Amino acid sequence: MNKALKGLGIITTIAMLFVLIGGALVTKTGSGMGCGRSWPLCNGSIFPALTLESIIEWSHRFVSGTSGVLVLALAIWTWKKIGHIRETKFLAVMSVVFLILQALLGAAAVVFGSSALIMALHFGISLISFASVLLLTLLVFEADSKQKSESFYIGKTMQFHMIGIIIYTYVVVYTGAYVRHTSSSLACLDFPMCSTENGWLPGKFHEWVQMGHRAAALLLFAWIIAAAVHAARQYKNQKRIYWGWMISLILIILQAASGIAVVYSRLDLGFALAHAFFISCLFGILCYFLLLVARYRRQVQK
């Protein structure tokens, strides 16, 4: 397989990660209006004034635009080069369509303004584009290996975990994005409960938003542990499934730890960006599991 195509896949995947982290940086630093109501220009000019907010917002737009070109190039190239692989064309379309959607949503928020409910979708839409690019890149590397042609087994319980967890993870991601866009990150200053001084249950809207996300994340944490234990017991000989769940377990632990650190560090930017990074990586792996389930079901039907 063309080494240049593999290189493009890796670069595009990393670029999309920067888009996700950059979006989180914009939100965490309150830089969403750093370029005013102007788009694609920044305060009516190509280059922004030298303020922190405008530089962060302009940089995010620049990285997103560059990533858009890379995603389009990867989609076209993989379509031509490995279009015979069943998932390629679907993923190519998904990567481009959802990247355009997230760009339009971001632009609309700048020009017209938007509610927290709508803006919380921005990160989730970007996640789908990132996962599509990641899977496209994996297909490129897979085309040179024998893994795709190997038969494998996924039982009903594991299929339930793989499908259920990816859907539920997307819900949890939305609640986390809603926490950011409603400025609820520090609504509860203790952990695991909201406050040991004013009672353990939340009393205000922002506290309910924060605790709702924590409750949803706790269930996801427990579910991934259960799936990882099942994989360790039943799928140790199937490396993709076994190691996929082991890595997912590590990522969800890091995700939880960074979330707790955000609270106790009083919104340290490094921990906040790590929180976005870990969930992005986890979502990518879970989407790969979804790909495996689809392949297994086709394998059974043959």
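Easy rule for this one: first residue shown is 1, then count along the chain.
Backbone N, Cα and C atoms are what each Cβ position is placed from, and that goes for glycine too.
Membrane sidedness, as given by the topological domains in Swiss-Prot, differs between Leu5 and Phe271. Among the listed stretches 7-27, 62-82, 159-179, 243-263, 273-293, the one sharing the most Cβ pairs under 8 Å with the transmembrane segment (209-229) is 159-179. In the three-state DSSP scheme, Glu57 (active site) is classed as helix.
Comparing Cα positions, Cys188 (disulfide bond) lies closest to His122 out of the recorded positions Glu57, His60, His122. Taking Cβ-Cβ distances under 8 Å and a sequence separation of 6 or more, the neighbours of Glu57 (active site) in its chain are Val26, Ser31, Gly32, Met33, Gly34, Cys35, Cys42, Pro48. Counting only same-chain residues 6+ beyond the ends of the topological domain 'Cytoplasmic' (83-91), those with a CB under 8 A from a CB of the stretch are 132, 135-136, 139, 143, 148, 291, 294, 298. The stretches the transmembrane segment (7-27) and the transmembrane segment (243-263) do not meet in space: the count of Cβ pairs below 8 angstroms, excluding pairs fewer than 6 apart in sequence, stays at fewer than three.
Segment contact is absent for the transmembrane segment (243-263) and the transmembrane segment (62-82), given fewer than three CB pairs below 8 angstroms at sequence separation of 6 or more.
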